[in-house]
Every structure is written in structure tokens, then in C-alpha cells.
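Remarks on the structure that follows.
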Amino acid sequence: MMTHLRPALASLLALSLLTGVAYPLALTGIAAVIAPDRAAGSLILREGQVVGSALIGQGFDGPGYLHPRPSASDWNAAGTSASNLGPTSAALLAEVQERQAAYEAQNGAPAPVDAVTASGSGLDPHVSPANARAQAARIARARGLDEAAVRRLIEAHVEPPLLGLWGQARVNVLAVNLALDAAGA
């Protein structure tokens, strides 16, 4: 029995060290060399303080800020999740209708799909350009800014699809809100 057990335990230990320690450390080291910002979490700093991550959404609900997509996990990265409500769920329909009515009342514009539906992770840091543009008038009113200036700021933060092929154009909510704060008012 020991003749079979000893090689099995040695293999288990060796593979555990290889896949549980060596491989993750090697990938972390490679990432730190190739893309140090992303390896560190794409943190955004203001005056030496971390204000957020370009990759993790956070809630903004003031009228002078660009609002993110709804989140089933209240933007909690430790408890990220979707709502688990299916497409035929009456509860999901009621949530979407409630979000749509609130969005249209706040912004005076039709609600784009991403304004009323949560992302799968609940932490999406981006909204669609259409969603951001629809919020421009509300943001301008709340901040006492010219709507055209807010629209220009939003357009300056539109990120194209990856290599022009994959994904969709998107706007990082935190980046726009920090730019709005930097613009004053």
C-alpha cells in the first residue's frame, strides 16, 4: 500500500506547490512587469488617496454625477453577484419598470437598456455612451454648467471597442465623475 501511497502524496504535494504557489506568483510577477497598473487593480489616485478603480464600479447617486448601471450587490466587490431573477420573472420586470420610470423622471430622456438592467457581476464600471449622453442635461443643471460642456467631457471619455473589434464603446463612470469634479461647479 505504501508503494502506491507515497508517489501519490508526492505528486499531490508537487502539483499543489506548482499550481497553488509557483504558477500564481509567476503570473503576478509577469503582470507586474507587463501591465503594472492593471496588476495593482487599476487604482485611481487623487492627491495621493485611492478614490476607486477603473475596473470596479461604484455607486454615484447625486444629481451632479454620472450614474452607473444598477447593481444587485450594491457595488460590493466582496459580495458581487447578479440578481438571479430570470427573464420571465415578474419581480425583474417590476424592478426594470421602476428603474425606467425613475431614470426618465430624473433625466427627461428615454432610458437606455443599460440604465435599467444590472450587469452580471453587479460591478460594471462603464455605461453606454447613449446612457451617459442621456444624463448630460441633468448633470449640467445640477452643476450649473453648460450642457454642451458636459457633453464634450462625456465624449472625451468614450472608450472605443478593443482594437476596434471586440465589445462596445463605453464610458467609465468614475473617470467622468472625477473630470466633472475637476472642472468645478
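Cβ atoms here come from the backbone N, Cα and C positions, even for glycine.
Under the heading transmembrane segment, Swiss-Prot lists 14-34, citing sequence analysis as support.
Note on the region 'Disordered' (105-128): residues 53-58, 63, 66-77, 80-83, 96, 99, 134-135, 137-138, 159, 168-174 of its chain, located 6 or more positions outside it, place their CB under 8 angstroms from a CB of the stretch. Residues annotated as region 'Disordered' in Swiss-Prot: 105-128.
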* Asked: Residue counts in helix (H, G, I), strand (E, B) and coil for the region 'Disordered' (105-128), per DSSP?
  -> 7 helix, 2 strand, 15 coil
